[in-house]
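**Q** Pulled these features from TrEMBL for this protein:
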- 5-329: domain 'Acyltransferase 3' (DOMAIN)
- 7-25: transmembrane segment (TRANSMEM)
- 31-51: transmembrane segment (TRANSMEM)
- 72-91: transmembrane segment (TRANSMEM)
- 141-158: transmembrane segment (TRANSMEM)
- 165-184: transmembrane segment (TRANSMEM)
- 222-242: transmembrane segment (TRANSMEM)
- 248-271: transmembrane segment (TRANSMEM)
- 307-327: transmembrane segment (TRANSMEM)
- 348-368: transmembrane segment (TRANSMEM)
- 410-653: domain 'SGNH' (DOMAIN)
Amino acid sequence: MRFRKDINALRGVAVTLVALFHFQTPHFTGGFAGVDVFFVISGYLMTAIVVGRLDAGRFRLRDFYAARFTRIVPALVALCAMLLVFGWFYLDPHGYKLLAKHAGASITFISNFVYWRESGYFDASSQTKWLLHTWSLSVEWQFYLIYPIVLMLGARLFGAKRAVYHGVLGAIGIASFALMPLVVRQHPEANFFLLPTRAWEMVAGGLVMLNEDRFKLNARTATLLQLAGLAAILFAGCGFSESLDWPGVYSLVPVLGAALLIAANANDSLFATNVPLQALGRWSYSIYLWHWPVVVLTHYLDLGTLAVPPALVIVGGLAVSVALGWLSYELVERRAAGIRERFGPRGLGTLATAPVLVIAACAAIGFANGASARLPNQVKVVSAESADVDPRRNECLIDSVYRLDDPKAQIGCRYGASPKLGAIVWGDSHGNAVMPSVAATAAQNNQSVMFYGTSGCPPFEGASRFGKHTEEPCRRFASRVADDLRRYPSSVPLLVVARFSAYVDGKNIDNDPTILIGYNGARPSGDPAERRTLYASFLTHDLCALAQTRPTYVLLPIPEMDRNVPDYLSRLLILGRHPDDVSISEAEYTQRNATAHAAIEQAAQQCGVKVLDPTPYLCRDGRCYGSESMVPLYIDGDHLSRRGSDRLAPLFREVFNQAS
């Protein structure tokens, strides 16, 4: 097929939008739509290749896969290899092991499944995942594997006719588009990462190809259609935001925009002949590969603490991304294509050795647990704290909506072998974080303890978590816990532990609003003052209701740090810096938790709820510490490690003394 300058320029637009978005450039809040544009382009090109050769009777599945391999794999493998070398010197064991896992998943094109399964309350920040962007390559590769086979089967069963191809693409597109609203509300991560809800975007490109002979446009009309498509794409890139369901109905804007631009076929327009866009289009794949690791690197270096202006980070990051993309195109993409063209199958075999070697290296790093022997002992000690969690966390803390939705799933765990139940703990992930200390204190009193908890769900009846959608599983879980509590003697005390302030003000680091709660199905107010008033009233009421049934204790909020403590300390130690212990001021802690403190104090005065204050054990001299002598007390920025939770043991003795 002939080279389409307009499609190449469209690639340049798409990669520019994605890069501007990822570098958090102002006014490009919807730049993620560039990925959807890439999907439309892929659908058009793959349909042109497969259908064109099927019509000519010379399609070979093996040749198709070989061409896709040569186009995609060498540059991806080169990126992964370079990152593994970088990681050997600059990543802690936990980060290096994670990088190796993601590199292996990227090269085998299953990274979209990996990132989907990793998504959850304890998922690492996207800004620490060097290969997160490869999810889209995995989606495309899965499309490449399935799509030609489907078209071949259609041609063999019904003949190589355009009507057959229209029927196949129409069925796929309708099914995929109809699936989105069914998936997005309950499983938004699956909706985002997986092929079934993305396939319609590629089908849109395929339908343009199948109908392009019908488009007989004069130059003026073609140019206007091209500009309309470009305007739709830019509108999405500048006007949309991450608050939208994606992909969803709004995805039609960039998808139809890309389809219109390709259908216009205005190959000699000012847009199509723009020299910078043509260069960006040629390098677009490699720029896409390299830009995200550059984004992660800017966060890794913590440039904000070095007072580097944000504008300089954006401009410098974009320039470095383009430069690395150009180098990758010249040194890897073009040479790989030349090797296959010159040596045929033998050249392809040579190219295939690289991914095998890199996958083997990834496996070795995983088996070596991040190759910790390469690092100084202090870094290993700091890094290890990120895994210093309750050994039963995966078993006892529900961190999945799927388990919440299962009425048969176990919702409570008993810690300790003693038949005497000393206490019940109801909480969220912060409750689970202190369970090692609670369980140890119970054992010292020859007692056991029950734990009920789920990540990101408040321990209140009638509370629903709100993000883009209502999350009713939290409410159903709380009802099941309340039913269970009635089975225990009223003399057994209850300890409530939660990240109380997050449910009214969002997460402390990025003010993430996705864990705000409403009551009895009502959405939380958009007015912060009104929301806090309602929350305080509800919290007091609910604690008092619990206190009427049994002795009730509440642990005041754990101080939240402003960064991931083990990650920050290990990173700076590796870079040769000498960080101070991580801490926040007590004034920050008090301000952050003012609403929760007031509500809990009100419950104490009205209903006799007993309050446990963690600050004497975690704070001193006006500051609350996330580490001590460079040893973290947290596994991240807000969950105590076992070492940190052990400091609270004196508080928990009061609970079990009550039960004795």
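Yeah, the Cβs are placed from backbone N, Cα and C, and that goes for glycine too.
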**Q** Does the transmembrane segment (348-368) come near the transmembrane segment (72-91), with 3+ Cβ pairs under 8 Å (pairs 6 or more apart)?
**A** yes
**Q** Looking at the domain 'Acyltransferase 3' (5-329) alone, can you tell me the average pLDDT?
**A** 93
**Q** May I ask which of the stretches 141-158, 222-242, 307-327 has the most CB pairs under 8 A with the transmembrane segment (31-51)?
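**A** Going through each listed stretch, the top one turns out to be 141-158.
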